[in-house]
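A.B. asks: One structure is given below, represented as structure tokens, and several questions about it will come after.
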């Protein structure tokens, strides 16, 4: 497969009062068209920084990002972002939020009627047609996130960037949205980079899981190719030995190889790590 | 018989719980205040007689109403006389074109209220027209903010009385026409109001604009919204709550400043009314000034309510509690 998005030796330093802080060190990653890639790692390891660099919201100190052979300079609608906290404009309805993006991207390319149909189509894609005229504060967190996804999809991005899109949702809503996302992904075959800290989510959705080392100077630790047939069914996979094995590999990376060193006593450290392992299991 | 009994007691309970806070306590407060006022006022003796209590103030209010009615009757008669005279002249000489001269009687208390109202609204309107765009500009660009902030901080606390002589002189020097649309006293009062009341709107708008959620700014960046769309769709809506906080503060200040400005600029509004009564020094003066004081307070309250209504109408977040 040819390279669609090429993240090439990206390093970034942030200025702090104590001198520059190196958050990322030579992160390299090649992503093919239509591939679904997850970035996983402990919090603070720079996953979001990678995504923001691809989005163009941050400038890499060294290295760069190529999209279809062209260097990424600044943000743009061809790299749509689904933000963690939905980031819908609270004064616009669901329809108007999507409309803002559609008008920006398709002005002059689609007629008014086509744009209207395209907005409705994208809201239908995330099953939000019934709430098109509702404002964000009138709908639930999961619904807001759906609208956020519809807004991003409506831009027909060549890469869809998702920053912990389901992180703030309860487990049932999250599972539901994950299934919707897989369905949409099957139909549209988008290239997706998703940040997550949920091991099951990563294994279930991804073609590849990029495991990142802890910061500072975080980089790509291991890459795991998830070779499970699509469509994937969470119930059937739960006891699939391959799936269990992938999960175990990610967990091993996160909790043994890259265990976060915590300044607490040995005993409580064991307790917390087993507790968090139990919690994520 | 049982059921209506239950419903009437429920109704009573409901009325009691409702009226105690909403009706009884405010009435109690007002009555207690009036009593204290009446008792306290009778103890204060000035060279113009006893300090006016509520009863005297009520009498003066009625006398001001009478004055107003009498003046209106005079005015109508004045115009009627002119029309009759012109008709008579035209009957003799059809080529005669009559000219109606405007009535030059003394403005009544209620006409002065009206003058004050449009002066304050003109000054406040002008201040808003300046403060909101400048506030948005400052909020968007930290360099502009750094450049303008010292100037804002220095001019913000200046009293209207300090501005007034300067404004008066500048208006006299620059507004020279043979056919003036506005009187100079109006312009002087208006500009003084503008200079004093634009700061809260300006500062609050700037703070509101600078405090936009970073995620919404990122949305705007990813969409590569144009400058105007960015301001209209993202900046202004998110700054609206603070903008209105500023506008309400500004309108309050404008109304306070106006009274002082009218006293000195002799703009025929409530400020001039108070000043004239003070200079007049009759036994009725203190009572009339007290009427004006209460009227000023009441109008200030109405202006704030009006602003709140506008805010409710403009605000996108209808669930927000505004008070």
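We count from 1, first residue shown onward.
Cβ atoms here come from the backbone N, Cα and C positions, even for glycine.
Computed from a predicted structure; not experimentally measured.
Feature list, courtesy of TrEMBL:
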type: DOMAIN; residues: B:113-307; note: domain 'ABC transmembrane type-1'
type: TRANSMEM; residues: B:14-37; note: transmembrane segment
type: TRANSMEM; residues: B:116-140; note: transmembrane segment
type: TRANSMEM; residues: B:160-178; note: transmembrane segment
type: TRANSMEM; residues: B:190-212; note: transmembrane segment
type: TRANSMEM; residues: B:224-242; note: transmembrane segment
type: TRANSMEM; residues: B:249-265; note: transmembrane segment
type: TRANSMEM; residues: B:285-303; note: transmembrane segment
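What's the neighbourhood like for these features in this structure?
C.D. replies: Same-chain neighbours of the transmembrane segment (B:160-178): 184, 187-188, 191-193, 195-196, 257, 260-261, 264-265, counting only residues six or more beyond its ends whose CB sits under 8 Å from a CB of the stretch.
Distant neighbours of the transmembrane segment (B:190-212): 119-120, 122-124, 126-128, 130-132, 134-136, 138-140, 142, 145, 152, 155-156, 158-160, 163-164, 167, 171, 234-235, 238-243, 245-247, 249-251, 253-254, 257-258, 261, 265; these residues of the same chain sit at least 6 beyond its ends, with a Cβ under 8 Å from one of its Cβ atoms.
Taking Cβ pairs closer than 8 Å, the transmembrane segment (B:224-242) reaches residues 136, 139-140, 204-205, 207-209, 211-213, 216-217, 314-317, 320 in its own chain, all 6 or more past its ends.
Sequence-distant neighbours of the transmembrane segment (B:249-265) (same chain, 6+ residues past either end, Cβ-Cβ under 8 Å): 116, 119-120, 123-124, 127-128, 131, 160-161, 164, 168, 185, 188-189, 192-193, 196-201, 204, 271-272, 274-275, 296, 299-300, 303-304, 307.
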